[in-house]
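Novice: Have a look at the structure that comes next, please.
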Amino acid sequence: MAQSPVTPIGSSLGLGDDKSFSKAGVSSDPGDGEVSDHLDVDASHSEDGDHSNGLYAHREMSLTAEERKAEKRFLLKIDFIILPLIASIYFLAALDRSDVGNAAVAGMTADLNLTAAELSFCVAFFYIGFLAFQLPGSIMVRLLTPPIQLGTALVIWGGATAIMTEANNWQTIAGLRIVVGCFEAFIQGAPLYLTFWYKPHELATRGAIFMSMTSLAGSMNGLIAYSIQTTMEGAHGRRAWRWIFLIEGVASVGFGVLIFFILPNTPEKVKRWFTEEEKKIALRRTKEAYNIPNTKISLGQLKATVRDPKTWFYCVINLAAAISQAAWGQFLPVLLNLNGYTPNEAQIMSIPVYVCAGVSAIACGYLSDRFRMRGIFVIVGLLVAAAGWLVLILSKNQQLSYAGTYFVGIGSSPCVIVMLAWMNNNVLGYTKKAGTLAIVNMIGHLGAIGVSFSFNNKPDYYLGKSLAMGSALIATCTTILFFFYLDRQNARKLANKDTVEARMLRQKTVEEVFDGHPDFMYSK
């Protein structure tokens, strides 16, 4: 991560904090507060602490031993309340998102006489709605409130999935997939929701846990599909693939109703689950995470998002990484099936691949938080994924090709997760952060649409595999270039910190100048 000489935060802002800092300017204990990674506030700007500095409200408070224990208990509490709920939402979303592949293997392709192109349409049409609603799905979290937004999304997309059980042609499935995509876009506000409750250096681990539900759902979806194929084929006159849609859709509707009542609101509005003392801790922590409670949507911040080069760096990285991950996630059962495994074997053989990918995501997320490093984990993951795709392109051996799917999953799964945590670390301002998240996701899912159409040349799928491998290599090169850009921006802030312009900007809040605040340092 970018390491620039800093003055201890306590002396620069007058907090009376005696935390020790390493020579590089980053806390010598990775367990300390994240603030030291981002602030460079010179003591000369204030003798007794510059209360007018826009970052003063987000300073890391000095805590007594008892207060630190209380915060640890609070952190554990939200880990057991918020995290399982968000993880379950992502699990159900991933089930409903990937059930077309499992349904295809379970007999849908034969029953509906689907061509390879029509199956690709059924997969890709999901992204039409998903892309169209990315921006409102991100920026409206505070306006709609998380319980209402996420609960409603679950109920509607689950209902659309359940209706697919009555489909008799690919057009019906494709149309309903657009509806599913529209409302799954509204759960994309979940990573933003977590930034209200967690500090920057806590995000990758938590993000990995709930986003790895995609991998867990992949393994469970294979198991569910296999169980349905073997136990419910023909039950009540329905084919197994129709039961897949019905069961998974009804599960989402039921959980959506539950979310209305049990998911905590934002820290400044939360009413249930927490004591008054815990609510105070939540408010303090959300401010330390560079949030301003009750912030409104800002058109100016959206404009700043589009003009910010960081937005487009993250877009390119996410686009290329998402192509690799989407190709692997959407077509794994089909690839295994066409690699010589029977349909039932393909469902079973995909399970350990998804599990290993999920473990990889969580491990990389934890290490990324622990060492306060983001980009290096993205690069390593992308290179591992590229190696896996190369194996899948060249190998004619069933076992070696199966091993290649592990490499792709283990490498691809952490990349988007760590990249999003990196983005949340380096982008300030509620609407700017939400807008960046939306744009990055939209661009990434455009890649997912493209890769869906590239997997239509049976039996080897060379075009799709080559596109996925090339994208992983492009993302690697872009990440390295981004390192140099962030170093240059930090150096520029340090060089200009005593200018008249910097002194004027220093008085503004993060909702006014965002991450352009002269004392905010970008991390790598």
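Even glycines carry a Cβ here, placed using N, Cα and C.
Note that TrEMBL annotation is computational and uncurated.
Features from TrEMBL:
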- 1-10: compositional bias 'Polar residues' (COMPBIAS)
- 35-54: compositional bias 'Basic and acidic residues' (COMPBIAS)
- 82-489: domain 'Major facilitator superfamily (MFS) profile' (DOMAIN)
- 1-54: region 'Disordered' (REGION)
- 74-95: transmembrane segment (TRANSMEM)
- 115-135: transmembrane segment (TRANSMEM)
- 147-164: transmembrane segment (TRANSMEM)
- 176-196: transmembrane segment (TRANSMEM)
- 208-228: transmembrane segment (TRANSMEM)
- 240-263: transmembrane segment (TRANSMEM)
- 311-328: transmembrane segment (TRANSMEM)
- 348-368: transmembrane segment (TRANSMEM)
- 375-394: transmembrane segment (TRANSMEM)
- 400-422: transmembrane segment (TRANSMEM)
- 434-455: transmembrane segment (TRANSMEM)
- 467-486: transmembrane segment (TRANSMEM)
Novice: For the transmembrane segment (400-422), which partner among 115-135, 240-263, 311-328, 348-368 gives the most CB pairs under 8 Å?
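Specialist: Counting Cβ pairs under 8 Å, the winner is 348-368.
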Novice: Kindly state the mean pLDDT of the domain 'Major facilitator superfamily (MFS) profile' (82-489) in the predicted structure.
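Specialist: Taking every residue in the domain 'Major facilitator superfamily (MFS) profile' (82-489) and averaging pLDDT yields 88.
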Novice: Looking at the stretches 74-95, 115-135, 147-164, 348-368, 375-394, which one shares the most CB pairs under 8 Å with the transmembrane segment (311-328)?
Specialist: 375-394
Novice: Mind pulling out the one from 115-135, 176-196, 240-263, 434-455 with the most Cβ pairs under 8 angstroms to the transmembrane segment (74-95)?
Specialist: 240-263
Novice: Which residues of the chain, 6 or more past the ends of the transmembrane segment (115-135), have a CB below 8 A from one of its CBs?
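Specialist: Those are 97, 100-101, 104, 109, 170, 173-175, 177-186, 188, 330, 435, 438-439, 441-442, 445-446, 448-449, 452-453, 455-456, 458, in sequence order.
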Novice: So what's near the transmembrane segment (348-368) in sequence-distant terms, Cβ-Cβ under 8 Å and 6+ beyond its ends?
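Specialist: For the transmembrane segment (348-368), the list is 204-209, 211-220, 222-223, 226, 332-333, 336, 341, 374, 377, 381, 402, 405-406, 409-414, 417-418, 421.
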Novice: Please work out which recorded stretch in 176-196, 240-263, 434-455 has the most C-beta pairs separated by under 8 angstroms from the transmembrane segment (147-164)?
Specialist: 240-263
Novice: Hey, which bits of the same chain come close to the transmembrane segment (240-263), Cβ under 8 Å, at least six residues off its ends?
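Specialist: Tertiary neighbours of the transmembrane segment (240-263) are 82, 85, 88-89, 92-93, 95-96, 99, 102-104, 106-108, 111, 146-148, 150-155, 157-167, 221, 224-225, 228-229, 232-234.
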